[in-house]
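J.: The following block contains the structure, expressed as structure tokens.
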Amino acid sequence: MAGRRVNVNVGVLGHIDSGKTALARALSTTASTAAFDKQPQSRERGITLDLGFSCFVVPLPGAEPGSSDTLLQVTLVDCPGHASLIRTIIGGAQIIDLMMLVIDVTKGMQTQSAECLVIGQIACQKLVVVLNKIDLLAEGKRQAAIDKMTKKMQKTLENTKFRGAPIIPVAAKPGGPEAPETEAPQGISELIELLKSQISIPTRDPSGPFLMSVDHCFSIKGQGTVMTGTILSGTISLGDSVEIPALKVVKKVKSMQMFHTPVTSAMQGDRLGICVTQFDPKLLERGLVCAPESLHTVHAALISVEKIPYFRGPLQTKAKFHITVGHETVMGRTLFFSPAPDSFDLEPVLDSFDLSREYLFQEQYLCKDSMPTATEGDDEADPKAGHAPGGHCPRQQWALVEFEKPVTCPRLCLVIGSRLDADIHTNTCRLAFHGVLLQGLEDKNYIESFLPALRVYKLKHKHGLVERVMDDYSVIGRSLFKKETNIQLFVGLKVQLSTGEQGIIDSAFGQSGKFKIHIPGGLSPESKKILTPTLKKRSRAGRGETTKPEEGTERPEPIQPVTLNLSFKRYVFDTQKRMVQTP
């Protein structure tokens with residue numbers, strides 16, 4: 001290798017049978033370990049079953065002619081297009097600098113190509129659209145068909161971050177997969193030039209702990225076990241120790257190679273093979289390798305959440321999703337929450353979680369398309385329905401995700417929630433949300449040790465009526481509690497009267513759910529007038545005479561109903577189920 005090669009990773013994504021592997025083969029000059037459908041199962045079925053890697057080398061754009069560091073190594077990551085293998089695509093997208101979306105020009109956007117576009121928006125900054133199989137278009141109408149599909153793709157990309165992305169026509173394998181190799185691919189030289197113009201040399205950071213995403217593991221007789229993958233962070237040198245966290249095993253690096261060339265060190269972004277001894281390759285097909293004790297294994301996590309707009313249906317608390325985190329996809333149960341309503345407009349914090357703040361429990365993720373229209377007599381939306389008061393959306397939302405089995409992952413890693421159990425043949429997006437893992441809960445007993453410190457609350461509202469006045473500072477209330485309710489639990493809580501006074505629940509009154517309310521500031525004359533009813537009793541002369549109700553007779557209702565409102569917070573993870581009111 002003359003000078004150091006600068007490595008960039010280009011993802012080749014698209015719908016099944018769009019010609020991704022043929023395109024990667026046409027572009028490549030050097031085949032990596034797993035490239036070009038080497039898996040027998042994959043060759044038999046004609047689809048890419050796992051991440052295939054290959055590369056080609058071109059002069060570094062802008063480099064001085066003849067300089068020792070003039071080579072740009074473009075590593076192609078051929079992701080499978082088969083719908084049931086979307087887990088693998090998600091794992092691959094996390095190591096991609098630029099994405100090539102391969103479209104069958106005769107079919108246009110299909111279900112998996114749309115999902116790949118969604119993943120690209122989450123995990124990638126740049127896109128090139130490749131219209132493949134142009135050789136299948138009738139020669140006389142070819143350019144018109146290419147122009148028509150180009151316009152369609154431009155319209156598709158209009159509302160994405162990839163608006164204005166370049167679109168190029170090619171024929172990676174003229175005549176189809178069974179055709180002889182005699183006919184040369186079309187448009188590949190132009191595609192390489194386009195990629196060179198689009199690739200910006202990523203800034204690689206050698207600092208931080210070593211972390212590598214491993215996609216294949218195999219043994220070489222007399223050498224040891226080789227793990228191939230892409231370095232996500234940090235650096236590695238010969239003789240360093242690495243941990244395979246899923247197995248809790250630490251091994252020493254015996255040798256390293258980049259595309260069959262021995263190297264002594266490698267850094268973030270490099271495609272690498274690491275050789276270790278006395279390790280069974282069957283124990284690790286895909287996963288993570290890291291500096292010892294640099295990753296954490298978590299049973300639950302606090303994550304930031306952003307809904308994917310193409311996902312139909314709500315994101316509901318207590319729902320289960322397939323959660324892709326690190327290199328694993330596991331089932332997880334979600335609980336959504338947002339800032340307190342007065343903090344909805346605060347600037348989002350993307351790299352940490354503040355346990356000192358209070359958060360509002362949501363029955364579902366809040367988004368504008370889930371906002372209800374106001375109903376008559378309902379001033380505020382029902383928090384249970386997962387809608388914000390007044391239709392106002394918070395700028396940031398979070399979720400507690402509880403995993404069905406522990407996962408090993410880096411801190412602040414990408415998280416994607418999806419519904420991979422949905423019918424793969426329907427034309428719907430199965431990717432539901434994405435976010436960042438802000439805090440992992442490593443303690444198996446996190447429910448007792450951590451969750452009580454997470455101040456997520458529900459707002460509770462109870463409504464009742466004032467039955468009558470006892471004196472200037474006391475009234476009797478009813479219809480707030482059931483007969484069997486232990487009113488003692490509510491003693492000391494404040495209630496608001498519709499006449500404006502504030503009262504405090506003092507004690508139970510009888511056995512029927514009624515209660516006594518103390519009014520510290522006393523009742524106003526207007527309130528007393530409303531609450532003190534009068535009866536008319538006929539005198540002997542037949543004239544109406546006002547009297548007070550006699551003791552023992554049924555008490556009449558106040559002149560007009562006076563309502564009581566009891567509002568309090570109940571913290572979701574408070575084991576004592578306390579009711580809290582703000583001063």
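Keep in mind that glycine also has a Cβ here, set from the backbone N, Cα and C atoms.
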J.: The GTP site in Swiss-Prot lists Gly19, Thr21, Ala22, Asp135. Which one of Lys107, Lys173, Lys196, Lys221 belongs there according to the record?
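T.: Answer, per Swiss-Prot (GTP site with Gly19, Thr21, Ala22, Asp135), from Lys107, Lys173, Lys196, Lys221: Lys173.
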J.: Among Arg43, Arg543, can you tell me which residue Swiss-Prot lists with the annotation omega-N-methylarginine?
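T.: Out of Arg43, Arg543, Swiss-Prot attaches the omega-N-methylarginine annotation to Arg543.
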J.: Return the count of C-beta atoms lying within 10 angstroms of the C-beta of Asp135 (GTP binding site), excluding that atom itself.
T.: 19
J.: Mean pLDDT across the region 'G4' (132-135), rounded to an integer, is what?
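T.: Result for the region 'G4' (132-135): average pLDDT 93.
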